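Inspection log for the structure reproduced underneath, given as structure tokens.
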């Protein structure tokens, strides 16, 4: 994909900042190029990404394109900030195509600064049902959806930040004994109904569970705080960072701040009154949270930091600073 075409695609996608909800016109050829080129980059990079801070971590977006643009507006557009997204870019929201196309375009333009993990919705069996297939078919063709599927089958599934913070979309697996197992997962691959890859994208923490429990989703497991503590101790890690669940404040701790859930789609589906969040990891592994708030159903948002307390994780290398700042409202 030549630089001129890539820049043109990005510029057109960013023009939507002025008109939230505007459909961006991209050609079928441009979308195919985004998929083919990014697919090659995903396969050249490892399935377990090894990244260095500073980096900003974002959770589910689900086709809420105006909210993705707001995240960049306040976190800094690439390459001014490094990003790691935890998956679930498509389905449910109105603009899955704009969302995934901008993310793939940034991946191509800044392959060493911009990283995308796979979520459970980056799977043909799921996004065939929950909106992405229909959006592709309505705006382009079923063939385009299949090309996206080939691209999604090559996405990495986990990341390790400075050997301390372990990131994935869903959660842990009873089969996960060594990070080498993730490196050894071969791509391209669909997401199986069970096993390590399935669990990394589907499992959930549960405060009422000790050990492993059944999952109400009908897929994978739930796991308790004891599983989190044991896993971190065994692999000498400090924090698990995942997405996959709507949380009211955009982020939510579990297991005495050894795990954090990040969800970046505020007012999810227009049905939840949740905030969205982004976690910033500084060079010294200080973690802070920026909040994109949903104030009402008409999508007025405020963006600021959350809290007013300083707390430390059990291991000294990773800290959480929840600094208090005045929130600013954005229409």
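Cβ atoms are placed via backbone N, Cα and C, with glycine included.
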Residue among 40, 88 sharing the Mn(2+) 1 site, where Swiss-Prot lists 60, 62 as binders: 88
Those recorded positions, out of 1, 120, 169, 244, that come within 10 angstroms of residue 88 (Mn(2+) 1 binding site) at the Cα: 120, 169, 244
Cα-to-Cα gap, residue 169 (Mn(2+) 2 binding site) vs residue 121 (active site, proton donor), nearest whole Å: 10
Integer Cα-Cα distance in angstrom, residue 120 (Mn(2+) 2 binding site) to residue 60 (Mn(2+) 1 binding site): 10
